[in-house]
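Here the structure is laid out as structure tokens; the discussion comes afterwards.
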Amino acid sequence: MAMINEPLYPIAVLIDELKNEDIQLRLNSIRKLSTIARALGEERTRKELIPFLSENNDDDDEVLLAMAEELGVFIPYVGGVEHANVLLPPLETLCIVEETCVRDKAVESLCRIGAQMREQDLVEFFIPLLKRLAAGEWFTARVSSCGLFHIAYPSAPEALKTELRTLYSQLCQDDMPMVRRSAATNLGKFAATVEAPHLKVDIMSMFDDLTHDDQDSVRLLAVEGCAALGKLLEPQDCIAHILPVIVNFSQDKSWRVRYMVANQLYELCEAVGPEPTRSDLVPAYVRLLRDNEAEVRIAAAGKVTKFCRILNSELAIQNILPCVKELSTDSSQHVRSALASVIMGMAPILGKDATIEQLLPIFLSLLKDEFPDVRLNIISKLDQVNQVIGIDLLSQSLLPAIVELAEDRHWRVRLAIIEYIPLLASQLGVGFFDDKLGALCMQWLKDKVYSIRDAAANNVKRLAEEFGPDWAMQHIVPQVLDMINNPHYLYRMTILHAVSLLAPVMGKDITCSKLLPVVINASKDRVPNIKFNVAKVLQSLIPIVDQSVVEKTIRPCLVELSEDPDVDVRYFATQALQSSDQQMMMSN
Amino acid sequence: MKGGDEEVATPAGPPQPLDWKFSKVFGERIAGEEIQEVDIISAIEFDKTGDHLATGDRGGRVVLFERTDAKDHGLSRRDLERTDYPISRHPEFRYKTEFQSHEPEFDYLKSLEIEEKINKIRWCQTANSALFLLSTNDKTIKFWKVQEKKIKKISKIIADPSKAVGNGNVASSSNSNSPKPFPTNGVSPDRSCNHLGNDISFPPGGLPSLCLPVVVTSQETNLVARCRRVYGHAHDYHINSISNNSDGETFISADDLRINLWNLEISNQSFNIVDLKPANMEDLTEVITSAEFHPAHCNMLAYSSSKGSIRLIDLRQSALCDSHAKLFEESEAPGSRSFFTEIIASISDIKFAKDGRYILSRDYMTLKLWDINMDSGPVATFQVHEYLRPKLCDLYENDSIFDKFECCLSGDGLRVATGSYSNLFRVFGCAPESTEATTLEATKNPMRRQVQTPSRPSRSLNSITRVVRQAETLGVDANGNSLDFTTKLLHLAWHPTENLIACVAANSLYMYYA
């Protein structure tokens, strides 16, 4: 029936499936929109495909989202920038849909297209579109319009510029909080395109409105605006207009706004510059560190190091350190945890003496915290302190902390500390490790929880990498291989896993002399699960060892396993044999 | 403002008592008809504009009604203003659509059946001419979009059949709703085209033999309800309330012990803002019965408890709002304590007035109006069915005492209404000096049972009790009407701008206007 030439056939399918019942097929077609467009040619794309897509605005969100994304890169397919304006109508309708992610994508694509459009086209097509959206009946249109001003404004003639500024200021006072939020979010971008005189007058008055908004959700977005506007203004204007706002925000009634200040503090400091930071923002920051609301303290505590980096060490010791001490005994574990995750970074800022004198007691108390996350966070950043004061001062307290974490009854905690063992090993050195941590690493291989055993096997490998095969031969391999005789098959399996991980690190000699015999031995295990794991391990060893060893030892063992009564054992053994055949063929 | 048993008699204040008239009934019961359990309406809510009304029932369905009087006329506001109607128009509603919101489920972890019954419906901000609403059963909240869709047909108009524009396909016309539409480009949909790379070269003018599917949009529309988001797995206990925030991006859901805050766009996480659960459940003394956001201040919300208190909390103060900003409760009159005191003090519903200054609460026997600036006591108390007080014992025994009556305020905040037994509901004037207190019955003749309550000094309460006692034996109430504890009017809603009350009697929805 089909009279289509074979090469056209797939294109025809794609086009048909733009309207298929199945959303997956529609999605697939939309994703290949550029192919369809190329098949139709530029002119028909402009005249048929784009209008067709404009009609297609009530499809499922996933399809609309994909469409919004594709249209953003569609300029080449409609005939270049001089025809870019044909892409605006379908995106305009997508700017009004109720699903936020579709609107956002449509705005993004519009910006992308607008940035390439010729100036006269912007004035003729883009700005009218923007004005339509900004005056839209539905708030969704007005929300979308806020994100387009920064594209339209630079190309607009003087009169239109005035109009656009007025429009934006209306959006900043819209009845709908959603619109005001969007206006607040996009203010920084828009402000960056506005000329300096208007910036100081018009934009600042809009900013003022937003900072006094009743809705917390609007005000907290204005906090971000502080940073963006601060960078645009002259330093003295910034200090005059932005700094008081930041200080006010840091004392806002709503904890969410204060939280934003705490979170954005570094950017805000950058915006106002170092001097005002020292004079005005230090007190504000100290207040945030002592905020009533734990969430605010969490955010503030997490920025301690970044903030101190802006200050000199003297100011940091004088103002911030007392707060840090308080926070280290905060009633909220999350505050302490946030502090623990950054406090080690303060060591390089404060220098050796201050660190030993002031920070060390805090480290030590956090290392003894009842909440494992706090201890883990300290341990994870050990390297930063090591550089400043060396590990010796800490190691006394470190070991009990590590041991306790290693034996924590929550397996996730144990898992976390295992992750840090290689780091600890490298920081603490071989000697310390041999004495204290080696036994722990072996103990984890016999953990009750699979994830821990799995991580422990990996850990063994990473240690071998860290300290080298010779060390591993002495301190790891014998201990690991010992455990192959464990009565429980799950533990024997862990050892096989560890062997397969260790082999590439240890090299072929040790693999042949030490590891391989153990694996071959395990092929006689009474548990089929062990046996098929042997087959898997052997398969992984094939590339490591010499061909002769494969022929002499591995293959006979696999052949034997391939005749095992158990079907799984036979399956994996056969697979391993096949891969060894391939290996041989390749090497020949 | 004056509380207590007001009489209907003569209007004293400026607002005249309203003369309620029957407007419409949906799902009226035919005499002798058995009520199906699933048809019983369990939630009712007007949207902000009052153009739509939604009800939810025990069968998990949501039914939407739309206002017709303003729309049908097709006149602009200015025209309406010019046409000087005497006082003929009142809001009228008609059935719009319905959809199945919740299905019965089974929680396998806890071995619990989850009923499909809709506990609450809340309207959300409309966008893009579609309607949005939240509906909840005991455990799961759903966000619905209801939109009119034009029926589209995919067809191919073929100019020259011999040349087959449709890429060689026989002309096919199929409704997009049919299971397997003929592809316009003449290929079966199972052929994969994933091998198509971008390296294929096409002639610069494009391939003229290809064409796009033609979509014919008919004038017919149908309403499609689509579930956009499901907010689940956040409540251990039964959800009793949901409420939208004025910021348009968040809402709360409350169960017996906790209140969670959600972002409308994020369905997989919520923040717990109130948690009454004690470490030891034996220490539990009260549960949350209802919660609502302030209509304008995004940071304020109120929740009521089974102990008869209302707590106002300020989300600005802290992330966990276990400590309240303000507590409203009435101090107990000394000596009046009885076994039932605590049970009947339990608040079944609270509503903010439109301006957000007042909160209306309903407990078993009374309606109370609170000024959020005055936490010493209610500014007004209205007795809903004082004649039941002597019968609390019976009501306790048949569990009626735990019935959860809802309450509502008029858009202008001058009147309040709530339900009672025998399908009665009462409307009180709460403006200063108002003595309005009307009793209506949810039937086509709402004033049928209304008897002028004899004005009586409260001192004569004893004698009335006696009357009631006598009446009880006869199965009639103080007004000589029979009392029926099985027909209770629990749910009702006041139109946001007009004097129109929609109330629910079992499976029927009655509307009255004044």
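Each Cβ is built from the backbone N, Cα and C atoms, and glycine gets one as well.
Just so you know, TrEMBL annotations never went through curation; they're auto-generated.
Residues annotated as repeat 'HEAT' in TrEMBL: A:10-48 (among others). Here the repeat 'HEAT' (A:10-48) has a mean pLDDT of 88 out of 100.
Here TrEMBL flags A:164-200 (among others) as repeat 'HEAT'.
The feature repeat 'HEAT' is assigned by TrEMBL to A:203-241 (among others). Under DSSP, the residues of the repeat 'HEAT' (A:203-241) split into helix, strand and coil as follows: 33 helix, 0 strand, 6 coil.
Positions annotated as repeat 'HEAT' by TrEMBL: A:242-280 (among others).
Outside the repeat 'HEAT' (A:281-319) by six or more residues, the chain places 243, 246-247, 250-251, 255, 258-259, 261-263, 265-266, 268-269, 272, 274, 326-327, 330-332, 334-335, 338-339, 341-343, 345-346, 349-351, 354, 358 with a CB less than 8 A from a CB of the stretch. Here TrEMBL flags A:281-319 (among others) as repeat 'HEAT'.
The repeat 'HEAT' annotation in TrEMBL covers A:320-358 (among others). Counting same-chain residues at least six beyond the ends of the repeat 'HEAT' (A:320-358), those with a Cβ under 8 angstroms from any Cβ of the stretch are 282, 285-286, 289-290, 294, 297-299, 301-309, 311, 313, 365-366, 369-371, 373-375, 377-378, 380-382, 384-385, 387-389, 393.
The repeat 'HEAT' annotation in TrEMBL covers A:359-397 (among others). Packing against the repeat 'HEAT' (A:359-397) from elsewhere in the chain are residues 324-325, 328-329, 333, 336-337, 339-348, 350-352, 404-405, 408, 410, 413, 416-417, 420, 423-424, 427-429, 432: each is 6 or more residues past its ends and has a CB under 8 Å from a CB in it.
Sequence annotations record features per position, and here TrEMBL assigns repeat 'HEAT' to A:398-436 (among others).
The repeat 'HEAT' feature in TrEMBL is assigned to A:476-514 (among others).
Residues or ranges marked as repeat 'HEAT' in TrEMBL: A:515-553 (among others).
Sequence-distant neighbours of the repeat 'HEAT' (A:554-588) (same chain, 6+ residues past either end, Cβ-Cβ under 8 Å): 516, 520, 523, 528-529, 531-536, 538-539, 541-543, 545, 547. Residues or ranges marked as repeat 'HEAT' in TrEMBL: A:554-588 (among others).
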DSSP helix/strand/coil residue counts for the repeat 'HEAT' (A:476-514): 34 helix, 0 strand, 5 coil
Secondary structure content of the repeat 'HEAT' (A:359-397), with strand meaning DSSP E or B: 32 helix, 0 strand, 7 coil
DSSP helix/strand/coil residue counts for the repeat 'HEAT' (A:320-358): 32 helix, 0 strand, 7 coil
Other parts of the chain folded back onto the repeat 'HEAT' (A:515-553), taken as Cβ under 8 Å at six or more residues beyond its ends: 477, 481, 484, 489, 492-493, 495-497, 499-500, 502-504, 506-508, 560-561, 564, 566, 568-569, 571-573, 575-576, 579-580, 583-584, 587
